[in-house]
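Right, one structure below, let's go through it.
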Amino acid sequence: MDYTAKDIAVLDDLEAVRKRPGMYIGSVGAKGLHHLLWEVVDNSVDEALAGYCDKIIVTLHSDGSASVEDNGRGIPVDMHELGRPALEIVMTKLHAGGKFGKKLYKVAGGLHGVGVSVVNALSEWLEVWVKRDGKVYYQRYERGVPKTDVIVVGEANGTGTTVRFKPDPEIFEELKFDYEVVSRRLKEIAYLNAGLRIILKDERNGKEKEFFFTEGIVGLLKSLNRGKKVLHEPIYIKGSRNDIIVEVALQFTDSEIESVHAFTNSIKNVDGGTHVVGFKAGLTRAVNEFGKRTFKKFEILSGVEIREGLTAVISIRIPNPQFEGQTKSKLTNSEVKTAVESVVYSGMMEWFEENPKEAEELLNRFMLIKRAREAAKRAKELVRKREEISITLPGKLADCSSKRVEERELFIVEGDSAGGSAKQARDRRFQAILPIRGKIINVEKAGMVKILKNEEIKAIITAIGAGIDENFDLSKARYSKVIIMTDADVDGSHIRTLLLAFFYRHMKPLIEAGRLFIAQPPLYAVKKGGKIYYAYSDSELKKLLEKLGDAEVQRYKGLGEMNPEQLWETTMNPEKRVLIRVKIEDAKKADELFRILMGEDVESRKNFILMHAKEVRSLDV
């Protein structure tokens, strides 16, 4: 189908993007930076969805710029009715694009049309090459303003578009693209679009990856469940209702974590939306209906009881997606809920009928989970009642005196000796210390009742004061910051991973609110001329030694090696310390690592150890 200037509709101008970038890309940190790249990639994916593109090359350049090249039709370059080439209109006008009518794109992720023009406005410079009609067309922009006309710079075989842009340092706090973040996203896109080849190149370190999959979302599901103990083969459901195409792949594992990944026209919706609501409703309805048919004394199950250990991928294709905000993190089309619920209900009922043995095993599992959750609830209630009667904080907690939650901090410190140093080092007015002994319970293998009996876990829950799981209430948290402070050795790293996994599974809102941190004690003390300098990494140590010359270097293995003054000065003093805020992705990674190393899947553990053995720098034996 022809794609020309007549197909470019303009709804608005590019004003205010640079003044209020957060409105368009969510933030000016790492998330917003990567959102620029997703906008350009999504345009190329839309060409693939329309059937005109089968190869995308994404390059992270050494100068801090990124480029996306596709072999689609190429953005139109002929004159638009506004008196400028269509390419320039697309690049400089907000809400300009070929996706507002149904003629050219039956489905598209870029419905808002803000994408590439916002990328242009928020880039120090942007260059675009278009291959069409046997020619290569080029235009350059600086901070959204054209610096050249659309000019012919060569001859072309085939068609396509290449966009290269450098994020503007005047706008962004973070300017470095993360290879792993980009790699994960492109891998998802390749799974969602079977047959689309995506190549990622990183000029900064020579890394290169190619993503090409034929299994579609079932392949993505298997990838997400790698290392988990799965309970059955993947369930794949596909159907359509009123022009909405629904694809779902799901599989239950022996984990406690529910993991649902939702996409609309290949765009990830991290905050879910109506397709996720429809999926959950359809699954719950099917399970309960089949349960009533199968067991005489069947108790109705809640959605939460059914979805424990579930991994699911939901992918829908829809002509006119509507999202909450410009970042497309949540789908809002009301008609999608009904469509997805209907497709999932029918598909699950069919699977239950065709797989009676597996279906009965799953039903037994769900009922077991229901009983376990009820037992855990009774145990939690008992703990809560005891707390209400005594309101006793853990005996080893050295609490702070301030009553203002917004300034109170809780340090969870490994070991009694380090806890002693921390108690002496702290500012008693606003810093509380909770020492924990040894390694806390393995939450991977322990049930909830056992977890709640563990003294260290009980101390953490009671000290924070906000409950756990579905009873967690952030407004009741006694501290504005919870800070994990462990040694820099292997044991310290292990305990940190255990704690992160616990917080991710049972106090996730604390992480989502940005209130969980990791303290960064120095790795080295460098003494010269009666002065002590601290280095927090090997690279910092190298720079210090280059500056100071010969000096005495002490490596800290444990917090207990520092006296209280040093601990305060380097790790606890708000004016000088370094804290790492835990993001949900960090905690999720820790949980996945924990599952591999502490779970029951021996093969995954063996593969992980073999893969990372060469990276070991220190071994405690």
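Glycine is no exception: its Cβ is also placed from the backbone N, Cα and C atoms.
Under the heading domain 'Toprim', TrEMBL lists 408-522. The feature Mg(2+) 1 binding site is assigned by TrEMBL to Glu414, Asp487. The site 'Interaction with DNA' annotation in TrEMBL covers Lys439, Asn442. What TrEMBL records for Asp487, Asp489 is Mg(2+) 2 binding site.
This view paints the features noted in TrEMBL onto the structure.
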residue	record	Cβ neighbours (10 Å)
Glu414	Mg(2+) 1 binding site	27
Asp487	Mg(2+) 1 binding site	22
Asp489	Mg(2+) 2 binding site	13
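Glu414 (Mg(2+) 1 binding site) falls within a strand segment according to DSSP. In terms of DSSP secondary structure, the domain 'Toprim' (408-522) contains 54 helix, 21 strand, 40 coil.
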